[in-house]
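Colleague: Pasting in a structure now, in structure tokens, and then I'll have a few things to ask.
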Amino acid sequence: MVTGNTKAETFYSMKELLKETGGYAIIDGGLATELERHGADLNDPLWSAKCLLTSPHLIHTVHLDYLEAGADIISSASYQATIQGFEAKGYSIEKSESLLRKSVEIACEARSTYYDKCKDDDDKKILKKRPILVAASVGSYGAFLADGSEYSGIYGDLITLETLKDFHRRRVQVLAESGADIIAFETIPNKLEAQAFAELLDEGVAKIPGWFSFNSKDGVNVVSGDSIKECIAIAEACEKVVAVGINCTPPRFIEGLVLEIAKVTSKPILVYPNSGERYDPERKEWVENTGVGNEDFVSYVEKWMDAGVSLLGGCCRTTPTTIRAIHKRLVSRRSLFSSSSSSSHH
């Protein structure tokens with residue numbers, strides 16, 4: 001059992017965490033939209049990483065909101081935080097690296113604050129001492145470009161495997177050494193970038209494991225048009241990858257994708273979809289009323305778990321309310337899991 005700031009080495013295998021949490025674990029929800037709700041201005045290529053500079057206390061608040069809603073895994077505000085991105089803003093390499101470290105430290109501090117709060121009782125919050133993992137979020141090269149290419153996966157012929165490895169190497173290293181338990185390689189838009197991440201892990205750039213999560217806009221392939229099965233096969237072959245799945249994708253596509261993924265992986269499957277709202281890249285805003293409400297989002301949860309999902313949460317436009325609703329749904333599922341696993345021991 002992990003307490004306080006103890007590193008979660010016991011969960012080098014994601015399977016151990018899942019055993020502790022009754023077969024299903026909850027990932028947090030959207031960070032950027034919550035930060036905006038708390039008053040942050042994210043109109044910037046750095047997006048939520050801007051708050052590392054301007055309002056770290058808001059990031060801490062949002063992490064804590066998710067833990068109190070029942071999340072078992074919280075992700076750092078580093079999705080769009082890159083050394084190159086900070087340098088473009090005029091920051092030194094040292095300052096850029098310290099901001100990456102800070103993103104993980106804030107999440108670790110929120111976990112400690114949460115553990116302290118677990119001594120109190122509050123009916124409205126889930127205050128339960130449990131293993132909580134801090135995931136260091138790594139967005140794609142396209143997320144750094146902030147030109148929408150993370151949603152197309154088309155980087156052009158000039159971007160090679162080596163370009164991508166060089167781009168991510170130091171960032172992954174710094175995040176891995178900052179106290180995180182796992183690296184979340186998120187919204188991976190193509191096979192080439194998955195290969196780059198896998199090779200960095202194989203080369204020992206990070207001492208901690210990672211998860212690979214892809215995005216899809218058609219429910220069949222990843223956004224670049226690469227086959228989801230081929231992308232998952234890259235993750236499957238990498239020993240340091242401890243879970244695979246889908247994020248930043250409309251809920252209606254998830255079940256079909258998971259059924260495909262389950263055919264080619266033995267690793268735990270994770271999903272954290274968007275609310276389903278459409279993003280308008282021209283206007284840089286979400287189109288209201290194009291998504292599903294919390295009830296509808298949660299109504300999908302059973303189907304996803306039946307299809308083989310073990311870790312679930314939300315991505316863009318999902319909130320602590322979404323996560324609390326998932327937690328409620330999982331409580332009954334977890335009790336079934338524990339009764340069936342105890343009966344299977346006789």
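Placement of Cβ uses the backbone N, Cα and C atoms for every residue, glycine included.
As annotated in Swiss-Prot:
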BINDING   C248, C315, C316  Zn(2+) binding site
DOMAIN    13-330  domain 'Hcy-binding'
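Thinking about packing and proximity, how do these listed features fit into the structure?
Modeller: In the three-state DSSP scheme, C315 (Zn(2+) binding site) is classed as coil.
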Colleague: Can you give the mean pLDDT for the domain 'Hcy-binding' (13-330), rounded to a whole number?
Modeller: 92
Colleague: Counting only residues 6+ apart in the same chain, whose Cβ is under 8 Å from the Cβ of C248 (Zn(2+) binding site)?
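Modeller: Same-chain residues close to C248 (Zn(2+) binding site) (Cβ under 8 Å, separated by 6 or more) are E186, T187, N215, Y272, P273, N274, C315, C316.
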Colleague: Just to be sure I understand the packing, how many Cβ atoms besides its own are within 10 Å of the Cβ of C316 (Zn(2+) binding site)?
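Modeller: So the number of other Cβ atoms within 10 Å of C316 (Zn(2+) binding site) is 22.
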Colleague: Across all chains shown, how many C-beta atoms besides its own are within 10 angstroms of the C-beta of C315 (Zn(2+) binding site)?
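Modeller: I count 26 other Cβ atoms within 10 Å of it.
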